[in-house]
Amino acid sequence: MLLPPHPGRTLPAYHGDNRFLLGACFLSKLPMLRPMKLSLVCSANPNNHRSRSSDITRHQKGGSARRKSKPYQEKDDSENIDEFDTDIMSSKNGPPISLTSNSRPQATSVPGEREKEIVELFKRVQAQLRARGKGKEEKKPEQAKAQGERGSVDSLLNLLRKHSVDQRRKSGDEKEQSVDQTKRSNESGNKQNSSIFIKNDTQEEQKKPHPAAFKRPASNFRRRSPVPNVKFQPVTNVDAERVINNINDAVQEAKPTLENKAATDEPDSVSTFEPNSVIEPENLSLDDLDHISDDEPDASDTDEPSGEYDEPSLQIPSVPIIDESHDTTLKSSLGGPDLSTLKVTELRELAKSRGIKGYSKMKKNDLVELLSNMA
């Protein structure tokens, strides 16, 4: 390896072949020699080639003398080239070679301290570069291992997540299937139970006999009471005359009391006549009492009622027979002023028996006038 002793020095120009140019280009490419000034001037330009070619033509024209000078010239050129090559290859850290026109080296110098320092620096740089390269090579497998471990951990986590998701999906599907199965089983059970109940109901309905038509039993009700059932019957003209005769007899006996009562009575305080009411005669004959005693039931019958009730009797109560000889006296009494002594109820009964309408709303004086006019 050739290093220049000083940055200011330059190699002399060499007029020869192009081999020196290749060496100069190689030296210029070294990183340690770039800051140093190294000038290798190659004068092998096309003009030199032209001069040589012109010389060759001259030698060819000149004859044998020129032929003799040509081998000597070639020998000198070859010697110069060999010396230059040997100098370059022999001295690595030596001083630069200076070539003169005679192509002879002037002197060889011993490598100095600066050159040694440069060589040591170059070695240190190489060692550092090698160490860095080794460190990078060592870091690469570590990083690859770490990445591989991370990738394996990530892949395991992904697998676990996928597995958990799959398990959840499977569990959800199983739950849904179980719910569907339970629903189906419940529905089938309900259908079976309903079908069984329907069959049982139909069988029971078939077994039950049809109910017979409702018939109300005949009632055996009989009313048993001590009071005779007497209903007011419409009084005919014949019956009315008989009743009036009985009333006249009673009126004659109770004349003084009736006159006092008639004076105190007012038409507004008269009670309305009830059609269902029965007037009981004050003086009854012995025959009437006998008939009433016959109609009344015994005490033994009322104390111990039988299982069957007696049907209500619709017979007309017996009326005492009055002689027709009293008709003349009745007519005379009706025509006279005795009507004013009668009560309002008695006057209304007389008006009813004679077929007068609206007697229930009439007052006592009106009834007396009507009856007196009709008489």
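Quick reminder: no glycine exception, Cβ is built from N, Cα and C everywhere.
Keep in mind that this is a model prediction, so the values were computed, not measured.
Features as listed in Swiss-Prot:
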type     : residues : note
REGION   : 46-113   : region 'Disordered'
COMPBIAS : 59-70    : compositional bias 'Basic residues'
COMPBIAS : 76-86    : compositional bias 'Acidic residues'
COMPBIAS : 88-109   : compositional bias 'Polar residues'
REGION   : 130-233  : region 'Disordered'
COMPBIAS : 134-152  : compositional bias 'Basic and acidic residues'
COMPBIAS : 163-186  : compositional bias 'Basic and acidic residues'
COMPBIAS : 187-197  : compositional bias 'Polar residues'
REGION   : 257-315  : region 'Disordered'
COMPBIAS : 295-311  : compositional bias 'Acidic residues'
REGION   : 338-375  : region 'Interaction with WAXY'
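Taking H, G and I as helix, E and B as strand and the rest as coil, DSSP gives the region 'Interaction with WAXY' (338-375) the counts 28 helix, 0 strand, 10 coil.
Note: the compositional bias 'Basic and acidic residues' (163-186) comprises 24 helix, 0 strand, 0 coil (DSSP; helix = H, G, I, strand = E, B). DSSP places the residues of the compositional bias 'Polar residues' (187-197) in helix, strand and coil in these numbers: 11 helix, 0 strand, 0 coil.
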